């Protein structure tokens, strides 16, 4: 039973938000991320190059942690020093402690994908929360199930709510929704 509604949440929430669905845990998200990397437009690559050159303040051809922090802030990402160092470690293939342009492109493509996944989940939440009260109730899920032709009993719907409802109020708020989606593997990269 649990796998049934996990697939439902993943497939319906992601397709409601324009995602690819997939139902295979995080496989659909990973597949979308790979396609997105391949589709990096020449314009986006040019913008990333301009940002790289702008923030490579010493002209070394690499970005160090201080330069990366400034770059990320300028691109709309507020990050702690620990997050900056972790980002560098994740893409720094040569262990230099700095990021060259190719490493920067890889990192920024991942960050853009994370932002896209969060936007998809936010859209999905709004679609499910039809009455716009900031919470998903059993009524919201039953309505969506009817609209999509998914035959769920009231007990199944309540079980779905209980699985995600951390504060015990009988509804799923936005934060609980994001945590639940992380548990089932959708958009795991941005958490």
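Backbone N, Cα and C atoms are what each Cβ position is placed from, and that goes for glycine too.
Per Swiss-Prot, the features are as follows:
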- 1-41: region 'Disordered' (REGION)
- 17-27: compositional bias 'Gly residues' (COMPBIAS)
- 43-78: domain 'EF-hand 1' (DOMAIN)
- 56, 58, 60, 62, 67: Ca(2+) 1 binding site (BINDING)
- 79-114: domain 'EF-hand 2' (DOMAIN)
- 92, 94, 96, 98, 103: Ca(2+) 2 binding site (BINDING)
- 116-151: domain 'EF-hand 3' (DOMAIN)
- 129, 131, 133, 135, 140: Ca(2+) 3 binding site (BINDING)
- 152-187: domain 'EF-hand 4' (DOMAIN)
- 165, 167, 169, 171, 176: Ca(2+) 4 binding site (BINDING)
Given a separation of at least six residues and a C-beta threshold under 8 Å, show me what packs close to residue 140 (Ca(2+) 3 binding site) in the same chain.
128, 129, 130, 131
Helix, strand or coil by DSSP: which one applies to residue 62 (Ca(2+) 1 binding site)?
strand
Give, as a single whole number between 0 and 100, the mean pLDDT over the domain 'EF-hand 1' (43-78).
83
Any idea what the Cα distance is from residue 56 (Ca(2+) 1 binding site) over to residue 165 (Ca(2+) 4 binding site), rounded to a whole Å?
46
Name the residues of the same chain, 6+ apart in sequence, whose Cβ is under 8 Å from the Cβ of residue 92 (Ca(2+) 2 binding site)?
98, 99, 103
Close in space, distant in sequence - residue 96 (Ca(2+) 2 binding site), Cβ under 8 Å, 6 or more apart:
62
Between the binding-site residues 58, 60, 94, 133, 135, which lies closest to residue 176 (Ca(2+) 4 binding site), Cα to Cα?
135
Secondary structure at residue 135 (Ca(2+) 3 binding site) (DSSP, helix/strand/coil)?
strand
Show which residues of the chain containing residue 135 (Ca(2+) 3 binding site), separated from it by at least 6 in sequence, have their CB under 8 Å from its CB.
129, 169, 171, 172, 173
Using the Cβ center of 129, 131, 133, 135, 140 as the Ca(2+) 3 site position, which other residues in that chain lie within 8 Å, going by their Cβ?
128, 130, 132, 134, 136, 137, 171
